[in-house]
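S.K.: The N-linked glycosylation site feature in Swiss-Prot is assigned to N3, N8. The transmembrane segment feature in Swiss-Prot is assigned to 27-47, 58-78, 95-115, 145-165, 181-201, 321-341, 353-373. As annotated by Swiss-Prot, topological domain 'Cytoplasmic' applies to 48-57, 116-144, 202-320, 374-396. Annotated region 'Disordered' per Swiss-Prot: 243-310, in sequence order.
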Amino acid sequence: MWNASDVNFSCYHESVLGYRYVAVSWGIVVAVTGTVGNVLTLLALAIQPKLRTRFNLLIANLTVADLLYCTLLQPFSVDTYLHLHWRTGATFCQIFGFLLFVSNSVSILTLCLIALGRYLLIAHPKLFPQVFSAKGIVLALVSTWVVAVASFAPLWPIYILVPVVCTCSFDRIRGQPYTTILMGIYFVVGLSSVGVFYCLIHQQVKRAAQAMNQYKLRQASIRSNHVAGAHEAVPGRFQELDSGLASGGPSEGISSEPVSAATTQTLEGDSSEVRDQSNSKAAKQMAEKNPPGVAAKARTTKGAQRAQDSPSEFGKVTRMCFAVFLCFTLSYIPFLLLNILDAKVQAPRVVHMLAANLTWLNGCINPVLYAAMNRQFRQAYGSLLRRGPQSFHRFH
């Protein structure tokens, strides 16, 4: 188990004298990249009309949590590694430890809400606007912080410097069994539920793809028999919909029920909110009743083109959200496994520090993912970097 150094706040050890400079360099990169990237993200959400949606408030919440860590906490981690000594006193060590876990907890809870939202969009589109209404989204955001604070406030007396990772954290011995239960809820139950939601999204699209394949086979059979008017597929019954979880390009997943453009553009697209999905169902029924020729003409309208384009945007946004979750999880897995398998700290101290330092990645990686995987964020970032304050006038 970790040994607490709450007398002299030292994490000095001969085995890490050289490694500390690696940790300091990495910590500076995280602090600078995370601060700049997360500030740019908040500004992008503020100035880009197509990013100003209710659902994107979840992205903003995740960004605030990351900014709290990178801007306020990370510089003290760098200083502690550089001197191998916590130099700001016992009280701020408690504040640091408390805010560290609050930030991580808010991130996990927000990732859960994002995954839930993506799932509702594809599986229960009528339920989405009820859950993520104006009041619902505000309540969800406030709840992430209230729950996080309430979870870790009781540990206030036992936040100390943990020498093996040179970081202020809770004393695992004095915190038992509460801390074990708490970590299990957040990191095991919480992150597992996010993974389950994305699996459900993928399965939903896969089932719809199978239905579409059967539909295509029936259409091919009708064409081979030269049935009049059978050469046109009935629009509105099926739409291509990418789950966003494939490693390559968009998958061939198909939605067996129309998806409205407003629904699929909650993270990218115009700023309109999700509308009642009964219109989509009515459109489907009309398309099934109308002759194929009449329906084919209707496809040329602007609204239909937009509806056909929007599912691919759903896939891109879902893929981006999944990548954020994946990076967060992968950055924590080595640290969590090491603490489970090496509870008595028999592994070299530098190994524990390496695992702990890898968790820093989750504070700065998200803006990089947004820029790489989302056109709207990429354009907003580029405008901010090129034009500075003038960007605020450009997007209004």
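The count begins at 1 with the first shown residue.
Note that Cβ sites are derived from N, Cα and C of the backbone, with glycine treated the same way.
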S.K.: Sort out the residues at least 6 away from either end of the transmembrane segment (145-165), same chain, that have Cβ-Cβ distances under 8 Å to it, and list them.
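M.R.: 2-6, 9-11, 13, 80, 86, 93-94, 96-98, 101-102, 105-106, 109, 171, 174-175, 178-179, 182, 186, 345, 349, 352-353, 356.
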S.K.: Using a Cβ-Cβ cut-off under 8 angstroms and a sequence gap of six or more, which residues of the chain neighbour N8 (N-linked glycosylation site)?
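M.R.: N8 (N-linked glycosylation site) has long-range Cβ partners H85.
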S.K.: So how many of the residues in the topological domain 'Cytoplasmic' (48-57) end up helix, strand or coil by DSSP?
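M.R.: The breakdown for the topological domain 'Cytoplasmic' (48-57) reads 5 helix, 0 strand, 5 coil.
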S.K.: Limited to the topological domain 'Cytoplasmic' (374-396), I'd like the whole-number average of pLDDT.
M.R.: 80
S.K.: Under a three-state reading of DSSP, tell me whether N8 (N-linked glycosylation site) is helix, strand or coil.
M.R.: coil
S.K.: Are there residues at least 6 beyond the ends of the transmembrane segment (353-373) whose Cβ is under 8 Å from a Cβ of it, and what are they?
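M.R.: Beyond its ends, the transmembrane segment (353-373) has Cβ neighbours at 16, 19, 23, 26-27, 29-30, 33-34, 36-38, 40-41, 59, 62-63, 66, 69-70, 74, 77, 103, 107, 164-167, 316, 319-320, 323-324, 327-328, 331-332, 334-335, 338, 381.
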S.K.: Pull the DSSP breakdown for the topological domain 'Cytoplasmic' (116-144) and write it out as helix, strand, coil residue counts.
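M.R.: Per DSSP, the residues of the topological domain 'Cytoplasmic' (116-144) fall into 23 helix, 0 strand, 6 coil.
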